[in-house]
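These come from TrEMBL:
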- A:92, A:94, A:96: Mg(2+) binding site (BINDING)
- A:93, A:111, A:118: Zn(2+) binding site (BINDING)
- A:45-120: domain 'Phosphoribosyl-AMP cyclohydrolase' (DOMAIN)
């Protein structure tokens, strides 16, 4: 990709309040990306994007990540069908993280373990041992607003 | 903190399906942490935790981060009052990211710019210039389920 559609980071006021997208990549050239289901707001996954995957995501409207484990561009869903169509992208105050609201293709799943999202285990301290233990979490409670609460 | 309440990463099956919390810190000793409002599910911020901040979060029930910019432990809300009480912690499939559902103290805000959350700007490509531009986003749409959709 010859020309990237975003700028190099400027002064703090520009980064926080300006109208230019100037992602602040870390020393590995990555920003964190949170993917949220556009339908119900559930956090699906956290992954990373480099400049090229961020540009492709903006230009194609589908989520492209950088796979840190494989060291390669990763068009999410290219093999599984779980394409993430980007309904909206947001950036945070210091422009080192993005959030995408996505509509998920295929079977609607996201996690490579077969689950709908990657955050399927809760973490808590076991009082007896003082160790942190994991439990597969029940599906999220329905949004209380849906019940008129 | 002498003893950490979690284990070193094990084999992949243990990491993905086991009952032990074995956070996979990156080479800077950090995991990403997504903070979500426990009330309405809104993504508030993304920050990082090192082993000590993660342990303190588990042990105190309040969010402690590692400030990459200041290079120090950061008890969120210690000065602003915007303490994040952790209702639930989750970990993702490969245990390199955590998600906390929090109840926010003080004025209920989160972002240092004074906004409720850090993701207050949308990113989109300007068709005329081909550049990515930011717009301060309207408050989120109400959850469609709340309207019976």
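Placed from the backbone N, Cα and C atoms, the Cβ positions cover glycine too.
Quick caveat, the model's predicted, so the values are computed rather than measured.
Recorded features from TrEMBL, shown on the structure.
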residue : record              : Cβ neighbours (10 Å)
A:92    : Mg(2+) binding site : 26
A:93    : Zn(2+) binding site : 21
A:94    : Mg(2+) binding site : 17
A:96    : Mg(2+) binding site : 19
A:111   : Zn(2+) binding site : 18
A:118   : Zn(2+) binding site : 24
Helix-strand-coil residue split for the domain 'Phosphoribosyl-AMP cyclohydrolase' (A:45-120), DSSP-based: 10 helix, 30 strand, 36 coil
How big is the Cα-to-Cα gap, in Å, between residue A:96 (Mg(2+) binding site) and residue A:118 (Zn(2+) binding site)? 22
Please give the average pLDDT for the domain 'Phosphoribosyl-AMP cyclohydrolase' (A:45-120) in this predicted model. 97
